[in-house]
Each structure stands twice: as structure tokens, then as C-alpha cells.
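Take a look at the structure below.
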Amino acid sequence: MDRIWKWVSGFGAVLLLLSHVTSGLEVPLDPKVLEGLPQPPTITQQSPKDYIFDPRENIVIRCEAKGKPHPSFSWTRNGSHFDVEEDPKVLMSPGSGTLTIDISGEKAEAYEGMYQCRAQNQHGTALSNKIFIRQSRSPLWSKEVNEPIMVQTGISLVLHCRPPTGLPPPVIFWMDNNFQKLPLDRRVSQALNGDLYFSNVLPEDTRSDYICYARFPHTQTIQQKQPISVTVMNSSPEGDRRPGFMLPLGSTSTKMVLRGQTLALECIAEGLPTPSISWHKIGGELQSGRTVFYNFNKTLMISNVNEGDAGDYRCTATNKLGSVHHIIKVTVKAAPFWVSAPRNLILAPNETDSLTCRVDGDPKPNISWFVNGIPIENDPKDHSRKVEDDTVILSNVQTGTSAVYQCNASNEYGYLLANAFVSVLAQRPRVLTPPNQVYRVITNNPALLDCSSFGSPIPTITWFKDFQVSVRNADPYVIHENGSLEINMAQPLHSGNYTCIATNNLGREENHVSLEVKEPTRILKQPEYRMVQRGMSVVFECQVKHDSTLTPTMTWLKDSVELPPDERFVVSKESLIINDVIDDDKGTYTCIANTILDQDSASATLTVVEATPTPAIVYEVPDPPTDLELTDQTDRSIQLTWTPGDEHNSPVQSFLIQYEDLLHQPGVWVNLTEVPGSSITAQLLLSPYVYYSFRVQARNQVGYSQPSDSSAKYLTNPAPPDENPSNVQGVGTKPDNLVITWTPLTGFQSNGPGLKYKVHWRQKDVEKDWSSVNVTNSSHFIVTGTQTYVPYEIKVQAFNDYNHGPEPEVVIGYSGEDVPLSAPDDVQVKVHNSTLAEVHWEPVPTQSVRGKLQGYKLYYRRERGLHGTEEEFDQQEQHLTFNGNRSEGMLPGLQPYSVYSLYIKVLNSKGEGPPSPILTFETPEGVPGPPSFLRVINPGLNSLTLNWGPPVNNYGRLTGYTLNFQPVNTTNELGPLRKFSFKANETTFTLSSLNSSVLYKFYLSATTVRGPGPNITEEAYTAMDIAFIQPTVETDKVPPVGPVFGTVNASAIEGGAVISWEYFGHHKNVFVEYNVENSEEDWKRELVNGTHSHTIKGLKPGTTYRVCVLARDGADQTVHKTNEVSVTVPAVPNRQIDIATQGWFIGLMCAIALLILVLLIVCFIKRNKGGKYPVKEKEDAHQDPEIQPMKEDDGTFGEYRSMESDTEDHKPLKGSRTPSNGTVRRDESDDSLVDYGEGGDGQFNEDGSFIGQYSGKKEKDTHEGNESSEAPSPVNAMNSFV
């Protein structure tokens, strides 16, 4: 923004006028501004350029746009107008351009073509991209007969797949008849085109079921090639030989790739032993961050290709007999890509601006301009408009010339289309800030007065104070580009009324605000520390000064939380009183004075103590010792004697002896030793050159006594140092120095005058002679001119005027470090699963670390999710540190189905080195989270409707939902589990044929290709059927909501009765009551919780009883009771003799069993003597045709082969019918492979092996197993495998 000083007459002061550069006026989102403001159309949503649709689903072509007035929509197909209203199968959404085409029952091919949407209003026309609509196709495999292949051991071999061409192309994989993935390794590999290559064959390669499968993603169908039989003979095996290339052929080949795509190069070699493959870019290096090797190094892939990836790539095949090279010449072309896309312009009349459409590509794109969808050269001549290649210059635009311009950039590899509208507006200024606002601030704080405005041309803003004094852009005022006025440190003199005026050539508008600068709130008298005895009262004062126009509120806190609700706490205007203090009242009390603008606070601590009772016996510290005497003086020892003082009812436990060094540290007493309380003398060890004075303290259980008077003084003779400095270290602070430090000796340790230090150093393993220097009154020395981070041997020796100390120890130090020079090379990522990856790198050379290697620091960031509908957020970069010299590390905690980027730095004590090239990788799909909600709505007598929401985190492509549910009886026992599966777009389901008044429990989980996620559960009752239940409720009780009991039945048994009933309640206490009919005996009661029947035992035979069932609610004691029923216990019948218990009957049965056993043994012996049974002879004479061996010529099972039709040789997998046009339609497939599985239970492991159970249709008999196109496997297993 340019600022111009200009004198304005009538005010006698300088005004600051704001003028704006004319470019791209921003329209505010304020509804007052947007209302009635014209705007040309803008495309906000559209389908991708290449749209392949599933013929089983509707075609939805999206086109959304905004504008004022709201735009209308029209479509073209294949360059001609597409009349949507004439086709009943095509529906355009109201207020939108989105088309929905219902292709059920129609030929989907009729709707293929190039579609383009037009959104227009009176201010212009915007165009969508040209959307190429094509139907997905899965054609049949071409009919062919695969001859058996016989090959010698060691020879190379290629099994061709040649899958049918589909849209999109199919995914190829090889499996055997058991649906096990064929193992791939360095010797056996699958090429990018699907062919299976053997560098050399081995006898174990012999098999008759090499089967190539093609999976078509959109139609979810799988086509199967006829099995190929390979026999490896070992009669004359091939010997070792040099490598040779099987793919590509020759010494050179070419490859073209588009910028931004993935370059895939492959080299497959034959030879014996199996060759290994390596890659090299001639004249350059492979970018480690974007280069990945697959298929045992036979495939090189470079992601996000750019122009620098062009060049010659050499692949080398090597074995022990030699090597061979192949050069692939790679050229990189580019579809058009944006350098700078044109942007919308909002201009005022007579303003000038331009639209720029900057693109690049190879070949160089051609740029075409359109106005409202019409080529600019065909638009009526406009002299204010000039086209110069990629720029349209608009000069002196006028009202009514608003339009939408389209820039189309294209070359042979693609095109770009961008809409940019030019809206010409003439709007007088409008101030958007609400009028008469009052701003209040505290003194010395900044004040910001808003003046938001809109107009075309852009208005200039001026400010006035108190309606006459102009405000200039100088201290303390700052006028911002958006018109706001800021006062850096507001003072009372800045209070007043302010006026902002917005002006352009169409008019002016002003707005008035006021500023009030207030005095700050301050606590003048703060609460003070208090110590109070338990049971007493305490007062904390807190006096506040504040602005007279502000009313403060006083708040008290205890230990940063509100005061407890206790009447003992009395809060007044300027104090806090705590009555009857208890121990829990101790803590920190804070008073806070708050106003609407500021606050102030102050704190004090309360300590609660207990009143000390008067003891019966006084225990005190002992009196200090007296009469200190020194005897037996030598240079290194002396004897000290003393007389103990009064113990004061507590025996002395020890004596502490201290000394004062009057020569080096006068006035400082140091603990020397401690002796038992029974001693009155001590032998003390002394140091040379110390002027000693001693004193003694006595200690009992109460504490230490006061120190005794000092003893006589004693000076020991000087001597050489007994020790050298401690903690000697050598650490560089700069790359070219070494700082040697040590802990100096104290004067006590010096042993004599003239203490100095002799510092020695030499470079380890390089220098033989020591360098040295004498240092006085210092504890460090700096060696300069060193190499970066090299080891040094260091020693520091103390000496004084009397001689040197002992020989010092040698320590190792290092000169200064510098940041590392190199970045780790060859960074690779191996993704283990959806949340864990393993990172490998090549460690940097030791010399490039230039310091102590601390480790490697890995930085990584989640760039985006692979789920197309996921809302993207700016992800924070994270890092992991791997300590030590590592070359790999695990990266846990990743989010499934995401794209990550990472780089690595080496780390030393100085810092981090340069980063490695950024490497991106993807995590596979994981199981989804639980559905976001599960609700039960509209419960009926025999139905419940479920409604649920998709998971918050899909972690992959959602394939559907699984619902399990089961009834729950009154004892919380679970009934049988039932299961339903739903598609991913289904979120509502109604369960019918349920029982009324029954509790059901539901378990719902979402599913991706990786499996089901966790369940979300819900419980719900069906409605209660009260039409056939007539319960009895006691008249003095409140009846329940709905009946509790239904029908009651009673039946008699010997000595008792069986009672059963229907029960619909949830009461905790259920009883059966009974007594003798027409008697006055009390009713007997038995508790029967958790069951619907009960057996009453011990009843009198021949007696009639009254029986009823009752339930009591534990909460309100309401009693629910059934009607009484009568039951008569039968009389005891006469006992009859049971023959089975008689002894003679048991003996007879044993004799018969023994006789039968003897007969069986005789028959068995006679049979084993030889001879053929007639049946055996017939079997030998007439062989069963069903057990005849296979024919060797065609592998069929005997005569059954002739019954098969040759036309079935090339049919797809059983259940995946394909119509003649090569498509699969939902309404035409009555036997889909999907019918063979249960919701995805059949699947493949990561290595391709089939897991799960077959279900649905029965497998074919063995004699059908050689059919070339039949496969009994579930298609869901195939889909999950690829």
C-alpha cells in the first residue's frame, strides 16, 4: 500500500490518506456486502477428467457452481448440446448441474462420450473440464489350447499370460489349483505384463497347474487362463552359463514417461547360477528418496518423475561366470502443468489489470483463450482487451463488461482448463464496522480501533479525533492497510471520540467510535504470612485500588482452587477471616481483584501450629564442653581434650569436633570428626600449612549444644601438595580449540605457599612430546589451533614453593566439535504393517561426523490419507532419535492408509547434519474404527429398525458392515447369534420376524479389505404385546406399565406339582406361593428368580393345593400377582414287582450273551480259512469304470472326458458370467462368484495363500477337476489377495 501525505483545507493539520494499488479487490464475506453484489459463475466442484463407471451402478457426473444470481446449467456431449430433459433416464439435481444417469435396463455404451458442463448467469459463463465417460469392461480370455511344456533342467522358460484387455487394465497373479500363490524369488519372477519368467528351471518346477488370473477391479470379476503344464526333465541337464537378458531384448531399449508419473523399468535375466540384478544411472545418481526396487531388484520404480530423471539407465546381470549389461534410454515428457493459474479480478470502472495463464510442459503447450466459453477470436471485438500469448490485458474496463475467461493449455499428453472471472463493479464506500462502538483499554496497553470498509474503487481511510483533530501516522498512532487505527501504549489523554471516513470517487461514508482509557487495578495492601495456633482465628487483608468507573469483584482461592463451602470462612470487601482454624486450613491463600478489563492478585501462606503443653520434665540440649587443651603436637596429628557440660536430662550421644583455618578461610568452621559421647579426648589428623583452631559441640536426643570456646591455635609446617586437581576434563568449545578444566585445590589442600598448576597435553597417537604450561590462580586453560574433534592426552599436576605433587593421571579429552558434513545415504523403508515401518540407511563416514556421534534423528510427517474423501489437515512434523551408530530403526504409531514423508539427519553434540533426500512411502490399509453411532428406532411388536453412521476413521476403503444380534432373556442369558452383512453405502436396516417384548443385543462392525474393526453395541426391546395377557394386580398397589405375568399352568406329579408361567417383567424377586385349599394355614413361599417353571416337592398325596406366582419390585415394593390355580396331588399307587431286578432274570440274560459270543468266534475262524465270496469274484471280473486311471494323453478321467463340451474351455470362473459385450451387469448375473463366500470370510494372506472356509455351492467331483476354466474358489478371496 502506498501512503501519500496531503494537505486538507479547513482542518489546519496533516491528514493521512490511504491509496490502494489497483489489483484484485477482495470481496468481504459480510452478508451486508454480499447481498445484491453481482458475481459471475465459478465452478466449485466437478468430476475427474477420466471417469470410468461401473455398469451396475448409476452414472453421477458432478458439476457445482456459485454466482450472483445463482447460475443455470447446461451440458454438451461430444461437442453437441445434450438435452437433459428429453432423456427420462437422465436427471439433473435442482439448483445444481450434477447429472445422475440411470443405466438399469439400458445399454450403458449409449452414454459413453465427452461431457462438459456450462454454468451461466447474466454476468458470464464458466466451463467445467471435459469429462471423458467410459464404461468399465472385463472381456473374456481369448480361446487357446496350451500344449504341455517339456524342458531340461537349467534351461530358462517364459510362461505367457496374455490377459484380455480391460478397462481399467486387470491385475495379474499366478496361482495353482489349490488357490495358493506361486512362490516368487530371484529365480522365478512375474514381469510387469504378467508373464512368468524362470531364469533356470529345476525339477521341483514340474507341475500341471500354472494358472494365470486376471482380476478386473470395477466389475469385481476374475478371469482364469487355461492351466499350463510344465515338466522338467533331468536326462541331460544344462550346465552353468553366463547371464543373458530375457527382458528386454537386445543391448538397448527406450522408455518414455510423463512428468509426475511413476517410471517402471525392469530387467529379467537368465543364466546358471541365477544372476543377480543391479542398477546404475549413467552420468548421475539414483534419487534415494523416490527410488524403490521391487521383484528382487529386477524392477526399478521412480515416483513423481521430473525432467532430471531422464537419461540412460544401465541394468547389470551378474553370476560367477560373468555379467551382461542392458541400457534403457529414458525420456521424460510432460502434460501441461501450472506455473501460475489465472485468478479472479474485481475491478472498478476505468481500471486496468491483466489475466495471466502461465503453464509449462513438453512439448510446449498451446494456449487458447475463451470468453464465456467462446473462443476469444470469435468474440465481438473489444478494444479494451488485448491478448499477448499467455496474458490478456484489460484496459479502462467499463461497467457491464463482466465476463468469465477460460484459459486452455494443451499438448499431445493432456490439457489444463482454468476459469477466471472479471467483475466490473462501481460501489460507493461502505463502512462495515458497527457504528458507535466503545473501546475500553487499560493504561499502557495497546488499543485497536477498527474501520473495515468496502468499495470499488478501493476507498481511502482518514481518521479524526474529537471531530476536529486529524490523526497522523506517527508515534503513538499506526494506521494499518485495512484502515484500523492502533495506539501502541494508550494513555488517559488518548480517551475521546474518533471518526473514520472512507472515500472514493463515488462518495464517502463515516463511522464514529469512542475510546476510554482506564486506570489499572492494583492491590495496595497484600495479605501477609500468618502462623496461628489450632482453634484460633486469622485475618488476611487485601485492599484494592481501581478505576472509578470499573467495579472490581474480589475472589479468594486456597491452593489455587475455590474456598471450601465452610461457614468458618468469612469474605468481606477487603479481607478474609478464618475462624476456629484447623490443620486442613494450612496452605496458600490468594486474593484476586477482577474487573471487566484486567485483574491483579496477591498470595500469602498460613501455617497452623499446636499450642505447646508445659512438660513435666524439661529436656534441653546439653551445655557446651569447656577446658579445651591441645597436646602431643606433630606436623600431621594432635590430641584434643575437653570437659563435658551439663546433659539436661538427656545423655550426650556424641561430640562433634570442628576446626577453623585462620590462614586460608578465617571465620569458617569445618566439621572434622565425631566421637562417641563417652569420650573426652580425640586424636586428630592434620594437614600441612594450616593454622588450626578447634572447638567441640555435644549432641543429645534434643540436639546439638552451642559450640565451645576456641582452643589454642596451632600452625603446621608447609609441604609439597599431597594430591592433584580433580575432575580434569578436555572439551573443545570451538572446532579449533581444546579447553582443559579442573577443580582447583583449596588453600587447605595446597600444603604450602605458591600453589600453581602444570598443564600437559599432546595429541593422542600422533604426538610423542608433551606440551605444557604453568597456570596460576585459574582452573582452566585453552589450547588453540587444534584439529576438529581429535583426541588429546591431558594431565594437570599441582606444585607449590616446596615441590611438585604426585604424578598426575592421564585423561583423554577431545577438541571442539563441528556440525556433521554428510547426510545418511540409501534411505529405504520397509512397511511391516499398517502402523509399523522399518527404516534402513547407510551410516555416514566417521570422519564426516566431526564430533561424538550421538545417533540419527528421523523426521517424519503424515502428508495425506489415501482415502479420497478424507479431509486434510496440516500435520505436525514428528521425529525419533536412534542413539548410537545405527543403520536401521523401527517407526511405530503410523496411521493406516496414509502417505508419509521422512528424512534423516546425523546428530553429534554440536548439532544436526544436513538432511537426507525426502523419501515418501505409503502404509497399507488397516481395520476401521467402530461405526460412529448405532441407534434403534421405530420399535415394533416384531421388528426393530437400526440406523448407524460410518466410522470416524476408516483406515482404508470401507467394504461394508457386519451386524450380529441375539436375544437376551430375563436372566441375562444370551440366545443364538444371527448375522447380516451390508454394503458400505447402507446405513439403515429393519429386522423383522422378532418376538415381542424381548430384549435384543446388537453388535455392529465396519469392514475394510483388511478385516472387521471393533464392534459398537446397542440393546433394545421390541414392543410389548398386551392383547392376550390379563394379569392380576393387587388393588392397593400402583399397576405397572404393561402386564407382568401371562398364562399360569400347573400339573401334578408324584409327591408334588410343576408350576410354569409367562413372565414379562424385570423385577428382581419372583416367588411361588401355595397352601392347602380351604384351609387357614399360612401361605408357603419359595424364591424362583431366573426361571419360568418350578417344581414344588413334599406335598401330601391326595390333597388339593392353591398356587399363584408373584413378583415384587425392589424399588417401590409394588406386588404383581397371578390368578390362583388349583392342583391335586395324586395318591400313592400300589408297588408292583419289577422283573428286571429279579436274580433269575439276570442269570438268564448272561447265559444268552455268552452263547452269542461263542457263535461269533466260530464264524470268524471259519472265514479266515480261505476261499472267495461270490461278490469278490464279481469284483475281480468286472472293474468299476469310475475307478479307472487317468488317460495319459489328455489328463482326463477315462470316458467322462468325452461328455464335456469344448465350448467350455474358455469360460470364466464359475459364477462370474460375462455378457457378449464384455461387461458384467448386476441384473444379468444370477450366479456371481460373490455367492460363494460369506461376506469376505474367505481371503488370502499377504503371501497369497487362501485362508477361510468354502461355503455355499458344493465342490465338483474329482473327474471335473481338469476343466480349464472352472474354479470353485470365492471371488472375495481373489479380491482380497490382489
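Keep in mind that glycine also has a Cβ here, set from the backbone N, Cα and C atoms.
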| Quick one: which of 626-651, 704-729, 860-885 does TrEMBL have down as region 'Disordered'? | 704-729
| query | Short question: which residues 6 or more past the ends of the compositional bias 'Polar residues' (704-714) have a Cβ under 8 Å from it? | reply | 621-626, 628-630, 633, 638, 640, 642, 645, 656, 658, 660, 662, 669, 686, 691-698
| What is the number of residues in the domain 'Ig-like' (139-229) that are helix, strand and coil, as DSSP sees it? | 3 helix, 36 strand, 52 coil
| query | Relative to the domain 'Ig-like' (336-423), which of 41-128, 429-516, 724-818, 930-1026 accounts for the most Cβ pairs at distances under 8 Å? | reply | 41-128
| task | Give me the mean pLDDT over the domain 'Ig-like' (429-516), rounded to a whole number. | result | 88
